[in-house]
Amino acid sequence: MAMTLEQAQRVGYTFLKALLRFAFMVANNLVAIPSYVLYLIVLQPLRLLDSESFWYIEGVMFKWLLAMVASWGWWAGYTVMEWGDDVKAVSEDEAVVLVNHQATGDVCTLMMCLQDKGTVVRQMMWLMDHIFKYTNFGIVSLIHGDFFIRQGKAHRDQQLVLLKEHLEKYYRSRNRKWIVLFPEGGFLRKRRETSQAFAKKNNLPFLQHVTLPRLGATQVILKTLVAPQENGTPAGGDAVIKESKSKGLQWVIDATIAYPKGEPIDIQTWILGYRQPTVTHVHYRIFPIKDVPAEPEALSQWLYQRFIEKEDLLSHFYETGAFPSLQGQTKAVSREMTLSNLWLVGIQSLAFLSGGMWYCILQYFYHCLF
């Protein structure tokens, strides 16, 4: 069937819009990321004199960089509706955030919906697949102190040791608050079949919308960052906690991301904006750390139960278009997450002005030297 003129115009408009958005994204990265690196190089003396102030400034710029990524989706009409517990109430406390993983757009969605959660974004640490180290954002995450984890049995034990060392070295020395990880260990489409086979073999529930989580990274985080109990018996903490004023991890935040019709957004869509405006839904549940078992077998069962509950939440969402109400509520309450366009434009303008400034400075030094 031949394409009508109207269809051809629509395709042409979508292609041109995607091309312009891609060009803007490239330009955005070329000015913002080098500027972030150069500012921090210049601020190295401050790092030696006042480390806390240095990492505060770094955190603010890190939040701005994530806001730029959020703006690519926001201006394409990709917004977020939030459900469940209000995580703003624990934004100043230490927490570990457990998120289901469907596509690369999950990270972008979190970058957007956490922007209005106080100081969370500038004080958070991400656990992500090591492949992200080699992306445009890799240098930023390396400087910020995120952890890149290699998947697979061959690397598992070594990676857990490295994770523990990383947390002890960077988490509290850089005043981190939230640590975000995807316990499933990969995208849903890649792990579902393996997870279902494991569930069948071990008499566990058959899951369609999530996969069974892996225990390793979560256990290391809890063992390393949970403060000693009041009776003096360690709940998994270490000397790093005793030497700081931190209360240790206080909460586990269970975040469930749902896309309309179960069709996740990937990073290409987020950048190019060729998909129609879409509302992504994020459901939060907050658990006190005291309710989370420390013993491996009990922790494993606790994690499995959380993801079984995620399965029920997602099944309900895909059937009704909404998450179920919390206990004690007669009707589920949702909150539309918003970003200020003026604020986003201001950050983008600062990035391009910084890029121009650093270009002029580097050009000056180049001509002086050569």
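Numbers here mean position along the shown chain, with the first residue as 1.
Just so it is clear, glycine is given a Cβ too, placed from its N, Cα and C backbone atoms.
A quick note: this is a predicted structure, and the numbers were derived from the prediction, not measured.
As annotated by TrEMBL, domain 'Phospholipid/glycerol acyltransferase' applies to 95-219.
Packing against the transmembrane segment (20-42) from elsewhere in the chain are residues 57-58, 61-62, 64-65, 68, 72, 76, 136-137, 139-140, 143, 271-273, 348, 351-352, 354-356, 358: each is 6 or more residues past its ends and has a CB under 8 Å from a CB in it. According to TrEMBL, the feature transmembrane segment maps to 20-42 (among others).
Annotated transmembrane segment per TrEMBL: 54-75 (among others), in sequence order.
Away from its own ends, the transmembrane segment (342-366) comes close to residues 27-28, 30-32, 34-35, 38-39, 64, 67-68, 70-71, 74-75 of its chain (Cβ-Cβ under 8 Å, at least six residues beyond either end). Summarising the annotation, TrEMBL assigns transmembrane segment to 342-366 (among others).
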Item to complete: Sort the residues of the domain 'Phospholipid/glycerol acyltransferase' (95-219) into helix, strand and coil with DSSP and give the three counts.
Response: 61 helix, 18 strand, 46 coil
